[in-house]
Amino acid sequence: MEKNREIRETENIPVTEPERQYYFIEKAAAHLREMSREAGRPLTFCVTTFGCQMNARDSEKLVGILEKIGYVEEENEEKADFVIYNTCTVRENANLRVYGRLGQLGRIKKKNPHMMIALCGCMMQEPEVVEKLKKSYRFVDLIFGTHNIYKFAELLATRMESDRTVIDIWKDTDRIVEDLPSERKYPFKSGVNIMFGCNNFCSYCIVPYVRGRERSRDPKAIIREIERLSADGVSEVMLLGQNVNSYGKTFNPPVTFAQLLKEIEKVEGIRRIRFMTSHPKDLSDELIEVMARSKKICRHLHLPVQSGSTRILEKMNRRYTKEGYLDLVERIRKAMPDISLTTDIIVGFPGETEADFEDTMDVVRKVRYDSAFTFIYSKRTGTPAAVMEDQVPEEVVKKRFQRLLDEVQTIAAEACAVHEGTVQEALVESVNEHDDSLVTGRLGNNLLVHFPGDESMIGSYVNVRLNECRGFYYIGERTEKEK
Ligand code: SAH
Ligand code: SF4
Ligand code: F3S
């Protein structure tokens, strides 16, 4: 009898996606109801995200699935019954943070019989990490990677039905599953994946190994998602990809990123379009033209330079030169004088000399970035740079890093001060964390302004006079005057 039922159940499991996952959401929900009954209270979850905006977007998908299953969100991970870490491995310190916090979680788990811990994201794509977890962190319940995140409900239901750790890691994938639930962090803005993976293999970077080969999402699916978001109150979208400028190249016939942008501009209700990240080698004149003409595409480009030295850029496999980059910046500025430019810079790449570093400083002074993320080179096992000779000594790197940071910050503060006194449109994002008589709004160029207001303004666009620049943000006031 029991056996027959089991067979019937197996037969009923849908084989197509996303139907299969909705089936497992129901199944996990039934288990959760049982677990809640035992505990005598609703069970809670907490998703902690490390790393970039891709991970942040993936976490929204995890939250969407968890809420559909019936878990209730708990902000404090030490109190939650189900803790999920969505991990990053782009630099060594990202990994160390995960291990540190995991040790602490293990101690808490001993005291809570209902507690479960799941690990997912980029770190899980590294075999040595999974080995280490299996050996030294046996209290982890569920481990999965970046390619099968859509299977979260299925994996969770499997874990609920057995008491063994469930581990499912795929090496790569060519599939993209559409139409799964997701829960946005902000009601008025949303990230939208337009592509997954990366094919660039910059020699220092682990992302292509942990995120797999580049795959673009079908433009129709992207537009459908944005139309739905708009109908649901979203007015700002951030298009996400490791290299958005190579979007659609594999389609037959190819679709360019600029063409995709033009389609997205037509979606009613969308007022702001952002995107990241742009690889300088693929940024086309067509894109500059479309941006310059657009009223919706924000005047902001994140254009990681990584190094200003042509010699180092070559060793990094970035496929542009210092001069090529500066020329690109000039073309962009000519078409859009008011554009805000931001960047990523790595200090201490193997073989970097004082002269190479001076080239980086030179680019910083010439481009005058509105802001820059600066990183100390971190050796990632398995990447070509990890085995390059001439790794730069730590003391040298630290000194260079400080010099770069000082320069970047001085220039950013000057660049920010240029807009002092002007009136700009801000999208109100939140009540100010430190002073609840203020709200915080984001300008088109991505800078923040704090000004008097209240919760009711969240999600609306208002004109703000930027009275005072405080380095990286403004203090302002609302005004009716048009900019
Ligand atoms: N796809 C994006 C970047 C993704 S990773 C691009 O190509 O621009 C984000 C940033 O982390 C990179 O721009 C780089 O500056 C930094 N980064 C990547 N690998 C690193 C490493 N091994 N050490 C230090 N910084 C690194
Ligand atoms: Fe890494 Fe380069 Fe790909 Fe960016 S483009 S994710 S830096 S390999
Ligand atoms: Fe980190 Fe993965 Fe993003 S390694 S930076 S979370 S793609």
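The count begins at 1 with the first shown residue.
Cβ from N, Cα, C; glycine included.
[4Fe-4S] cluster 1 binding, as stated in TrEMBL, involves C52, C88; the candidate among C46, C120, C122 given for that site is C122. Sequence-distant neighbours of C198 ([4Fe-4S] cluster 2 binding site) (same chain, six or more apart, CB under 8 Å from its CB) are C205, V207, P208, R211, E214, Q242, N243, listed in sequence order.
The binding-site residues near ligand 1, defined by a Cβ under 6 Å from one of its atoms, are C205, chosen from C88, C122, C205. Cα to Cα, C88 ([4Fe-4S] cluster 1 binding site) and C202 ([4Fe-4S] cluster 2 binding site) are separated by 17 Å. Taking the domain 'MTTase N-terminal' (43-161) as a whole, pLDDT averages 95 in the prediction. Ligand 2 lies under 6 Å from the Cβ of the following binding-site residues, listed in sequence order from C52, C122, C202: C202.
Cα spacing between C122 ([4Fe-4S] cluster 1 binding site) and C202 ([4Fe-4S] cluster 2 binding site): 17 Å, rounded to the nearest whole number. If you take the Cα of C52 ([4Fe-4S] cluster 1 binding site) and the Cα of C202 ([4Fe-4S] cluster 2 binding site), they are about 17 angstrom apart, rounded to a whole number. The 6 Å Cβ screen around ligand 3 retains C88 from the binding-site residues C88, C198, C202, C205, ordered by sequence position.
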